Amino acid sequence: MEEEPDTGNSSRAERKALEKAKILQRERERKVFTLVGRVLKKPEAERSEEEAAALLLHREAVDELCRRKIRRNVLKRKQEEVYDAADELKSKVKQLAAAVQQANHLVVYTGAGISTAASIPDYRGPNGVWTQLQKGRTVGSSDLSKAEPTVTHMCIRMLHKEKLVKHVVSQNCDGLHLRSGLPREALSELHGNMFIEVCTACSPAREFLRLFDVTERTSLHRHGTGRRCSHCGSELRDTIVHFGERGTLEQPLNWKGAAEAAKEADVILCLGSSLKVLKKYACLWSMNRAANKRPKLYIVNLQWTPKDDLAVLKIHGKCDDVMSLLMEELGIQIPKYSRADDPIFNLATPLRPEEIQSHTREVLAAADGQEGPSAENEQPSEETSSLQGGWFGRGYSKGRRKKKRAA
């Protein structure tokens with residue numbers, strides 16, 4: 001009786017042979033790309049006959065390397081910061097001022113670029129958080145408690161007070177819109193607020209506004225702050241929406257307010273945002289409408305954004321400079337930020353005595369003579385150090401590790 005062939009061993013051998021062939025093929029391709037790349041770097045006049053023949057022989061590799069070079073150059077151009085000339089900037093701001101005055105429902109979208117004047121790094125600028133991490137560099141620490149609302153924050157607050165701006169949708173977690181005096185009902189902080197922790201066990205969720213960055217112990221998918229709700233005893237959580245997470249809190253995210261404002265908007269002004277994240281939120285752009293029925297889009301940003309081609313006007317300038325010119329054109333005085341008028345000191349909930357040592361973050365100091373939460377002035381433990389917020393750059397490295405493992 002004939003023996004049956006060992007199909008298990010033969011299929012395993014075939015798989016090994018196939019895998020080996022793939023590895024050898026990749027190695028040959030790598031050598032070809034290395035050779036072609038070295039030749040392409042040389043001026044055409046300096047190439048030998050053998051090198052010229054190699055380029056003709058490996059035409060596909062040449063085409064692929066040329067495509068890669070074009071993509072790199074395009075990406076580099078998109079990352080460059082461009083400034084409009086002074087005359088052009090003034091001319092564009094005049095157009096923007098006319099749009100602001102004529103708008104029936106103006107909504108403002110803001111990104112990290114409006115807070116750079118407060119010494120808070122942006123994300124995709126030349127020295128931004130993502131840019132530095134992509135280059136393998138560490139993100140420098142920054143004491144966010146020293147940040148104060150910028151000229152742009154104060155301009156937006158004033159435009160809302162003058163009823164020229166109906167709603168503000170922000171990606172920023174720094175709480176500076178709130179501290180500028182902008183009413184909370186006119187604000188959607190889509191990615192959270194570093195000063196707010198909430199109890200989701202209470203119904204509705206109970207907010208606790210603090211005078212310090214509550215994100216010290218939190219990170220991607222870990223939101224517990226270590227403090228407890230004074231009403232039900234459940235652990236409090238921060239409100240930050242990290243890269244790769246979906247925000248579910250009603251406040252301070254206020255997605256309902258953002259969606260309703262976008263639906264009513266006839267003009268949208270984007271300030272200091274790359275729009276690479278905001279573009280993914282379909283409800284903010286009315287893309288289901290015909291092009292001529294969508295809100296008119298105005299963008300102020302130094303770098304390229306994916307919405308540039310849809311904009312009525314793109315202004316290349318720093319947000320503070322553009323907003324100062326805009327307010328001058330509108331004849332509206334820009335209020336100066338005053339810590340004595342900062343609403344955070346009136347809205348903040350003091351820590352309980354047993355919670356005083358629950359953080360090491362710098363506490364916002366009220367202006368001289370201004371009353372703030374007591375509880376021994378909420379002094380943190382002696383280990384206080386100048387650290388960046390727990391939301392700064394968190395989630396980025398984990399996301400990259402996941403991609404590498406999946407590759």
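Cβ atoms here come from the backbone N, Cα and C positions, even for glycine.
Predicted automatically and left uncurated, TrEMBL annotations should be read as such.
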Please find, within the list 1-20, 221-240, the residue stretch that TrEMBL describes as region 'Disordered'.
-> 1-20
Residue, out of the binding-site residues CYS199, CYS202, CYS229, CYS232, whose Cβ gathers the largest set of other Cβ atoms within 10 Å | CYS199
Local confidence of the prediction over the domain 'Deacetylase sirtuin-type' (86-333), expressed as mean pLDDT | 89
